[in-house]
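Peer 1: Below you'll find the structure I mean.
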Amino acid sequence: MDCLELYKQRNLKEEGEEEEVTLDGSVDWNGRPAIRSKSGTWVAGTIILLNQGLATLAFFGIGVNLVLFLTRVMGQNNADAANSVSKWTGTVYIFSLVGAFLSDSYWGRYKTCAIFQVIFVMGLISLSLSSYLFLIRPKDCGNETVVCGKHSSMEMGMFYLSIYLIALGNGGYQPNIATFGADQFDEEHSKEGYSKVAFFSYFYLALNLGSLFSNTILGYFEDEGLWTLGFWTSAGSAFAALLLFLVGTPRYRHFKPCGNPLSRFCQVLVAASRKCGVQMTPNGDDLYVLDEKESPNNGNRRILHTHGFKFLDRAAFISSRDLEDKKGGINNPWHLCPITQVEEVKCILRLLPIWLCTIIYSVVFTQMASLFVEQGAAMKTTISDFKIPPASMSSFDILSVAVFIFFYRRVLDPLVGKLKKTSSKGLTELQRMGVGLVIAIMAMVSAGIVECYRLKYANQGCLHCSGSSSLSIFWQIPQYALIGASEVFMYVGQLEFFNAQTPDGLKSFGSALCMTSISLGNYVSCLLVSMVMKVSTEDHMPGWIPGNLNRGHLDRFFFLLAALTSVDLIAYIACAKWFKSIQLEGKDEDDDHHTSCKV
């Protein structure tokens, strides 16, 4: 009898564990509370990581050599090609705001990821077909020896339509897949909460490993003029990523979209403006807080009141008119907003200065896809009879990312935790982002020094500049490795920071902020190149970045970026010290998953 009773209790316990639901408000495909053992965790997370790797392979199969495609196939000069790549890359990340808006407001992350991946595949197929049919003419053109012919307006239009479809698809997909992956882990659960923090590091590692094949094998084929083969490989990889994503559908956890955030923001601003003359108590006791019956059933946690941006608190002040409206069963959100809605606006306002300080870093980062490649093309790129594609040097950036992710998570993070002797482990996200800026300065100084020596060993009479310096391209390794190290601290820290510090209904927007900083970095890079060329070409001078780099001063441009990043670092430290973390109901202020504002 005792054994039978014990057996029944064990079965009941197992059934109870099997039916345990998540605590963060996530739901399954049918909209029911997600069961912990049957959804999410590393099963879904691994599918998303593989999807990210394949999609990144496809994207960088286009992006890594786009500057060379524009110069060799489309006939643009170095400065124009660098600007075209910067504009295109910037547009990719601008579209991330579109994807984030649709995801947070209406579609949800799963549907948004699926739709934009379909657009991504369509763009890649279109580019592959247009290259095969009319861009690569004569056959095998686009290498360093065979020059491509001119293209008609229709052919040029088809090319730009294809690459901007790719930009739309990848841009709308990227911020949502990162957040969707993090959604698979319940941060209210101790074990899953730790896995959620780790996911961002592995996500960025998957992103870089996915681009490794593009930067080496695909980069080599495209450098040899096999552009169509490279583009079709990218299209196949993107299609495989889409199929893999759809296969994981039954396992995913979801969060319900929360409606248009722009209207919620406007309601706060309008309500606060209407009450600009009211007198408020200093402790905030007279502010409107939704009770359980009024709270919308979307799984979002409340945000606790903070004392910054006092003017916005007026939107939650309960006036006599608001009390009359409530008695009549009417609650006009343009007159009265709950404190959680007000705090949403405060959270975004606090994030903006930090976000602005990351833009200059993205200017540094974008040089890998443009001026680093052009610098490498002007160096010695051969070992015996083997030619190294300049774009493939970014594989050292990827290897550096992999090494430093391991170094940070396994060595530096535990070491710093022991030295701090506190409950928090390692460096905070803000501290890591600051370290990333310091390393970025070192990378630009390294690139400038390499360029000085490249010019020293260059053939000044070279007309086309390719391979015109006897300095080996392997001297670029330190600058690529330093960029990779800075990414681990800056971009992984950024992903964690914006995901942790945005309200539950704006998580995709938080990831989109990371991407739009890259976007604006590309546009700022384009603007800097244009300004530098305009100023430095006066009085018939060749300028800092001419078609023949041997007659220019690319080193000065790199040193200029190092100086701008140094100024940005000072501004960033000031903003980081001012920043205050989001405070969610039911979460300890010192929770390890939330960012400390110390730097």
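From the backbone N, Cα and C atoms, a Cβ is placed for every residue, glycine too.
Pasting the feature list from TrEMBL:
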TRANSMEM  42-70  transmembrane segment
TRANSMEM  90-107  transmembrane segment
TRANSMEM  114-136  transmembrane segment
TRANSMEM  156-173  transmembrane segment
TRANSMEM  194-213  transmembrane segment
TRANSMEM  225-247  transmembrane segment
TRANSMEM  351-373  transmembrane segment
TRANSMEM  393-412  transmembrane segment
TRANSMEM  433-453  transmembrane segment
TRANSMEM  473-492  transmembrane segment
TRANSMEM  513-537  transmembrane segment
TRANSMEM  557-579  transmembrane segment
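Are these features on the surface or tucked inside, and what are their neighbours?
Peer 2: With a cut-off of 8 Å between Cβ atoms, the residues of this chain six or more beyond the transmembrane segment (225-247) that come close are 47-48, 50-52, 54-55, 57-59, 61-62, 65, 69, 73, 113-114, 117-118, 120-121, 124-125, 127-128, 131-132, 135-136, 140-143, 146, 214, 218.
Sequence-distant contacts of the transmembrane segment (351-373), counting only residues of its own chain at least 6 positions beyond either end whose CB sits under 8 Å from a CB of the stretch, comprise 63-68, 81-82, 85-86, 89, 390-391, 393-394, 397, 430, 433, 436-437, 440, 443-444, 447, 476, 479-480, 483, 486-487, 490, 494, 497-498, 501-502, 510, 513-514, 516-522, 524-525, 528, 545, 554, 557-558, 561, 564-565, 568, 571-572, 575-576, 578-579.
Residues of the same chain lying 6 or more positions beyond the ends of the transmembrane segment (393-412) and with a Cβ under 8 Å from any Cβ of it are 64, 198, 201-202, 204-205, 208-209, 211-212, 215-216, 368-369, 372-373, 376, 426-427, 473, 476-477, 480-485, 487-489, 492.
Away from its own ends, the transmembrane segment (473-492) comes close to residues 200-201, 204, 208, 358, 361, 364-365, 368, 372, 375-376, 379-381, 388, 390, 393-394, 396-401, 403-405, 408, 432-433, 435-437, 439-440, 442-444, 446-447, 450, 453-454, 514 of its chain (Cβ-Cβ under 8 Å, at least six residues beyond either end).
If one looks beyond the transmembrane segment (513-537) by at least 6 residues along the same chain, the residues whose Cβ comes under 8 Å of a Cβ in the stretch are 79, 82-83, 85-87, 89-94, 96-97, 171, 174-175, 351, 355, 358-367, 370, 491, 494-495, 498, 502, 543-546, 553, 557, 560-561.
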Peer 1: Give the one range among 42-70, 90-107, 114-136, 194-213, 433-453 whose Cβ atoms make the most pairs under 8 Å with those of the transmembrane segment (156-173).
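Peer 2: The stretch I would name here is 114-136.
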Peer 1: Could you pull out which residues elsewhere in the chain have a CB under 8 Å from any CB of the transmembrane segment (114-136), counting only those six or more residues past its ends?
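Peer 2: Same-chain contacts beyond the ends: 55, 58-59, 62, 73-74, 99, 107, 142, 148, 151, 155, 158-159, 161-173, 176, 225, 227-228, 231-232, 234-235, 238-239, 241-242, 245-246.
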Peer 1: Before we move on, state whether the transmembrane segment (42-70) and the transmembrane segment (433-453) share at least 3 Cβ pairs under 8 Å, counting only pairs 6 or more apart in sequence.
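Peer 2: No, the transmembrane segment (42-70) and the transmembrane segment (433-453) are not in contact.
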Peer 1: Six or more residues out from either end of the transmembrane segment (90-107), which same-chain residues have a Cβ under 8 Å from its Cβ atoms?
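Peer 2: Same-chain contacts beyond the flanks: 115-116, 164, 166-168, 170-176, 179, 257-261, 505-509, 511-512, 515-523, 526.
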Peer 1: For the transmembrane segment (557-579), find every same-chain residue at least 6 residues outside the stretch whose CB is under 8 Å from a CB in it, and list them.
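Peer 2: Distant Cβ neighbours of the transmembrane segment (557-579) are 350, 353-354, 356-357, 360-361, 363-364, 367, 371, 430, 433-434, 437-438, 440-441, 444-445, 447-448, 451, 528-529, 532, 544-545, 597, 599.
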Peer 1: Apart from its near flanks, which chain residues at least 6 from the ends of the transmembrane segment (433-453) lie with a Cβ under 8 angstroms of it?
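Peer 2: For the transmembrane segment (433-453), the list is 354, 358, 361, 364-365, 367, 372, 375, 427, 471, 475-476, 478-479, 482-483, 485-491, 493-494, 497, 554-556, 558-559, 561-562, 565-566, 568-569, 572-573, 576, 599.
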